[in-house]
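The structure appears right after this line, and notes come after that.
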Amino acid sequence: MATTSVSGNSRAPATAAGRLLATAVANPFGTLVVLGLAYLAWTLGLPIVDWAFVNATWVASDRAGCNPDGACWAFIVNRLPQFAFGFYPEAERWRAWIVLLAPPLLLLLAMAPDFPGRRRILVVGFCLYPIAAFVMLAGGVLGLAPVPSEKWGGLLLTMVVGLGAFVFSFPIAILLAIGRASKLPAIRLLATGFIEFWRGMPLIAILFMSVIMLPLFLPPGVEFPRLTLAMIGITLYSAAFLAEVARGGLQSVSRGQSEAANALGFGFWAMQGYIVMPQALRAVLPGIVNSAISLLKDTTYVMVVGLFDLLNIVNAALSDPAWLGLATEGYVFVGLVFWSLCFGLSQVSARMERDAERNQSRTPSGERKAP
Amino acid sequence: MAVSDQDMATGIWNAAEGDEADARPHLGPRQRWARRKAILQQAAVLLLVAAVAVFVIRNTVVNLQARGLASGFDFLRQEAGFKMAFSLIAIDPTSTYGRIFLAGLLNSLLVAALAIVAATMLGFAVGLARVSPSAPVRYVARGYVELVRNLPLLLHLLLWQAVVLRSLPVVREAIGLGGFAFLSNRGLYLPAPVAGDAKAMVVAVAVATGIAAIVAGWSIRSRAQARGEAPPRLGLVLAAGGLVSNAAAIALLDWQVPVLAGFDFRGGLKLMPEFVSLVAALTIYNSAFVAEIVRAGVQSVARGQREAALALGLPPKLILRLVIVPQAMRVIIPPLANQYTHLIKASALATVVGFPDLVNVFLGTSLNQTGRAVEIAVITACVYLALSTSVALATSAYGRRVKLVER
């Protein structure tokens, strides 16, 4: 902003220190802020380091065994299996491990160098994941012992709810986006109304309602577990937001594309599936990842309907009499897990955005739509 | 409908086929088929939706009867029989569900309004810091944004609730803030005015005129500054007069300072810890998003604008205020309004910490007590839809106005 013109008498090249000084003088407010923050970091940061690392206890059997001056990470270490899997029975944990590790493995595959069929494996893998995970965890088929969904919890539940809602909401979102862009007024109206309803409601209220209202809507005698009810609510909520993202993508595809497809004799669905949607979704890929990030963070709301996701299971563990008063440790742990997941995903989205920009500026026709 | 000769002629052409497409005589057989197909498709979809609706309604009626639940909106006039821990209008056990609904709605709006104002101010500060010329300031702002926005809002809330507020001292050892306000683990105690009706009117008028004078003075000054003239004395006088009038009005009130009496403070205004942590969490979480919106807006202003302003000799502070921000606002407002909608909806998290907002007292307690699930869900949905629709309408109105100015 304020580039001070250093009077041009001396031509000596500015040293780093000199430039720093010039910036500091030019921008006294900024300098003040920096000095204040440095002081704060010094006075606050040292005790935090002391607490989190120097005086921390990693191994102990209860609160009393922890150094009271430092963090009691032993609480987290002792409870780690529970935080990961909830109350999933010990003998069947291998199933939970598979479900928990499948998405990271698929992601690794996505990062790996290309080989024939990789894309198909990825798409099929992610699409089948929710159903496969559900079957794997619930059991009752293929000789797997049944485990009721009330026992699922922790990071496992966060993963199942988050990824499940995301994958299920995707086709709904695409249909809604196509519907909202449709020329048929009845369909456009229905899609718009649906999207605006689910976007306008707070997720908390949606969850409450799906647990209270959905059983009323179902035929008498049909009962779903809470997890399913909550999943339905989150899926529709997420579908409405994704539909808006997809709509943005649809708008970015020039009309010539669909007209060309029509001229070549493509039917409506073939045109959408082969020509329009691939371009539309690629254009809004960062937006899709951002929706996934918000969805991941929003899965914590299932706490209000009594499901034990990662945040709620830590929250519940805080009232264990052997480990009282460790809220800070518990929340810092949850925070680290969520932060790394969300930050990682946001870096992916930022990279996609940069790549897209580079590709776009390389296109010769220069057909760029204003955002 | 007036029919021209030409239409008559083509009408005769089409009469042989004898169908309703006569109104649009230029349609060929293909287009007519397309039209019919469109109508059929819409009818099919509508029929499907209607079938689902009938199915759901029938199930609901059967289920409600099976559970012996009453229906109707008459419960709004029944006594609720519970109290609310915090409300802007008086609530006692004889209050009706209708009044409980109103109190809950007001609480939700209060939380949302406070958090919107605070998050906007904090977010603008951080967002402008994100594009600051000083690199360390930029890094610190970036760190803040990345730290805050990658944590779930609910975690922010629980952290505030558990860690920050519980680590505050008990009431007896409350932290005094200048001897007027006190902070303890039971909440924030603020001095509150107690005034008779007549006095309150006088004070309200004085404050209103004071604020008007300050605003008028400020705008006169900044307009003169924008034109490069010396600021006229009138602006200064107006602003100073406004300040004096406000100060006098505030001093005129009888302020009731909270006083420690027994186990709690008496007098003044007590903000419960749930309220404080809710507003704090909403503010901080949303400020990170507002900051990113502001940054994107400022960066969307073409660099030539700043350079031209510099070349014209405008001081940096004025460049930001007169050149950058007004143009950035065009980009900032739509996503900002979106963020406000998010915030309003997120204020329903109050339920988790037990602050009596609309969802908590209405969709929670009232529904449990009356069992009117459908009615209460419909009312709650309508309230939130009305809120988000009004934000959307305001934004699109603003968008239209800005567009007109631009072209």
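Quick reminder: no glycine exception, Cβ is built from N, Cα and C everywhere.
Keep in mind the model is a prediction, meaning the values are calculated, not measured.
What TrEMBL lists as domain 'ABC transmembrane type-1' is A:155-349.
Per TrEMBL, transmembrane segment is recorded for A:20-42 (among others).
Residues 84-85, 88, 118, 121-122, 125-126, 129, 132-133, 136-137, 139, 144, 147, 152, 155-156, 159-160, 163 of the same chain sit 6 or more residues outside the transmembrane segment (A:94-112) yet have a Cβ under 8 Å from a Cβ within it. Positions annotated as transmembrane segment by TrEMBL: A:94-112 (among others).
Here the transmembrane segment (A:121-144) has Cβ contacts under 8 Å with residues 88, 92, 95-96, 98-99, 102-103, 106, 109-110, 152, 156, 159-160, 163-164, 167-168 of the same chain, all six or more residues outside its ends. What TrEMBL records for A:121-144 (among others) is transmembrane segment.
Summarising the annotation, TrEMBL assigns transmembrane segment to A:156-179 (among others).
Annotation comment: TrEMBL describes A:200-218 (among others) as transmembrane segment.
Look at TrEMBL and you will find A:224-245 (among others) tagged as transmembrane segment.
If you look up TrEMBL, you'll see A:330-350 (among others) marked as transmembrane segment. Within the chain carrying the transmembrane segment (A:330-350), a Cβ under 8 angstroms from the stretch's Cβ atoms is held by residues 52, 71, 75-76, 83, 155, 285-286, 289-290, 292-293, 296-297, 300, 310-311, 314-315, 317-318, all 6 or more beyond its ends.
Long-range Cβ contacts of the transmembrane segment (A:156-179) within its own chain (Cβ-Cβ under 8 Å, at least 6 residues beyond either end) map to 84-86, 88, 96, 99-100, 103, 126-127, 129-130, 133-134, 137, 187-188, 190-191, 194-195, 227, 230-231, 234-236, 238-247, 249-250, 272, 277, 280, 292, 295-296, 299-300, 302, 307-311.
Through the fold, the transmembrane segment (A:200-218) approaches residues 224, 226, 229-230, 232-234, 236-237, 298, 301-302, 304-305 of its own chain, all at least 6 residues removed from its boundaries and within a Cβ separation under 8 Å.
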